[in-house]
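Here the structure is laid out as structure tokens; the discussion comes afterwards.
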């Protein structure tokens, strides 16, 4: 049978106290809405309709081209939100999943199980439920002696007996598509909130003697709806635990998984060692047998095998096999480090390519440069790439030796096998195999220091 999905993403999220629409707040690096959409994709819906409202344009940008959008200009409840999808889904045959966009922990596996349960039991509606240790505040699932769902009763309306029920409504449902939109025509706003409730549809089905079922989640965490920053932090914690556990199952070692942040799209090969306080974000990929030490931060970068990154930052760059970086190095966007490069402490690389086996051990800036293989940068080397208006490129060939405290002012090229003397300021090209000395000649004035007031003999 054909599946459809409706994602409810129109709410403002007042309790978040944010200008950002609630569903766009991030968990593990992507928005809650994206988490929900990815999970919904597991049921392979023929059509997905996302209901937007508050700051609709921002929400639509996140899933542009991936879903149909309809707008709920007035926030008149969950039932009203689902009504907005009628022009897209009416008269279609199949079952429709209705899910809130602020439930980032729900998994695709659970949604597939929900759909299968709905079909196998020939229900007109199926409620996704969970068993809560503390059900206070949730709608309760009331069943009869045959374990059939009778109704959903809200906390404020529940009797003393009903308040003892642990099974709660998660706010996710599957409906026979045609019957859903027929029933929506019969709900009203005769309630304390003056809104159209999707739960009223369940009551209509029961009154008609139609079959309503409930599928219970195995993991209560999946039911979490995020309405404030406290719940957002809870979702982040649960998602981080899931992600790290999966990496450990796949052969990655964590010194302290509770103090490690790995984004949902990060890929890590087996035999990688991750120490505490490491952050990996975006589309980062880490190769096998790499070591990431305490405090390392990597975003949208590809790291090769057998590399060692020590307490350093790497952004939007590529690092090949056998490279060592840090401590306290910064590899900025647009950089690439070839095999066996060493970038040491307090070295910054920006928008540059560095060839195999090149070494910049300490206190060096390499910007907008193309550096060959087997180059050695002495301590304090600076490529000067900016004149206040434009940035210029430095080209350094293979097997070049740059002495300490040298300043290389771009645009300039150092030829293969050339050598720059320590303390030089280079403003012109250096031919291959040449030695460049760009510093003032040293002059020694004998006994001149004795004339100075601080000399020992003058005290």
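Every residue gets a Cβ built from N, Cα and C, even glycine.
Counting only residues at least six positions away in the same chain, the Cβ atoms of 344, 345, 346, 347, 379 sit under 8 Å from the Cβ of residue 362 (active site, proton acceptor). Here Swiss-Prot flags 362 as active site, proton acceptor.
If you look up Swiss-Prot, you'll see 8-11, 22, 72, 77-78, 139, 154, 169, 227, 332, 350, 365, 376 marked as UDP-N-acetyl-alpha-D-glucosamine binding site. According to DSSP, residue 365 (UDP-N-acetyl-alpha-D-glucosamine binding site) sits within a strand segment.
Residues or ranges marked as Mg(2+) binding site by Swiss-Prot on the basis of sequence analysis: 102, 227. Taken residue by residue with DSSP, residue 227 (Mg(2+) binding site) is part of neither helix nor strand, so it is coil. Sequence-distant neighbours of residue 227 (Mg(2+) binding site) (same chain, 6+ apart, CB under 8 A from its CB) are 13, 15, 16, 22, 102.
Sequence-distant contacts (6 or more apart, same chain, Cβ under 8 Å) of residue 386 (acetyl-CoA binding site) comprise 367, 392. In the three-state DSSP classification, residue 386 (acetyl-CoA binding site) falls within a strand. The acetyl-CoA binding site annotation in Swiss-Prot covers 379, 385, 386, 404, 422, 439 and rests on sequence analysis.
Annotation comment: Swiss-Prot describes 1-229 as region 'Pyrophosphorylase'. Model confidence over the region 'Pyrophosphorylase' (1-229) is summarised by a mean pLDDT of 95.
Per Swiss-Prot, the feature region 'Linker' maps to 230-250; the stated evidence is sequence analysis.
The annotation region 'N-acetyltransferase' is assigned in Swiss-Prot to 251-459.
Within the set of binding-site residues (169, 385, 404), the lowest number of other Cβ atoms found within 10 Å of a Cβ is recorded at 404. Taking the Cβ of residue 22 (UDP-N-acetyl-alpha-D-glucosamine binding site) as centre and 10 Å as the limit, one finds 26 other Cβ atoms among all the protein chains shown. Same-chain residues at least 6 positions away in sequence with a Cβ under 8 Å from that of residue 422 (acetyl-CoA binding site) are, in sequence order, 378, 403, 404, 405, 406. Across the structure, residue 439 (acetyl-CoA binding site) and residue 8 (UDP-N-acetyl-alpha-D-glucosamine binding site) place their CA atoms 69 angstrom apart. The secondary structure of residue 169 (UDP-N-acetyl-alpha-D-glucosamine binding site), as reduced to three states from DSSP, is extended strand. Mapped onto three states, the DSSP output places residue 8 (UDP-N-acetyl-alpha-D-glucosamine binding site) in strand.
Between the C-alpha atoms of residue 365 (UDP-N-acetyl-alpha-D-glucosamine binding site) and residue 385 (acetyl-CoA binding site), the distance comes to 10 Å. The Cβ of 439 has fewer other Cβ atoms within 10 Å than any other of the binding-site residues 332, 439.
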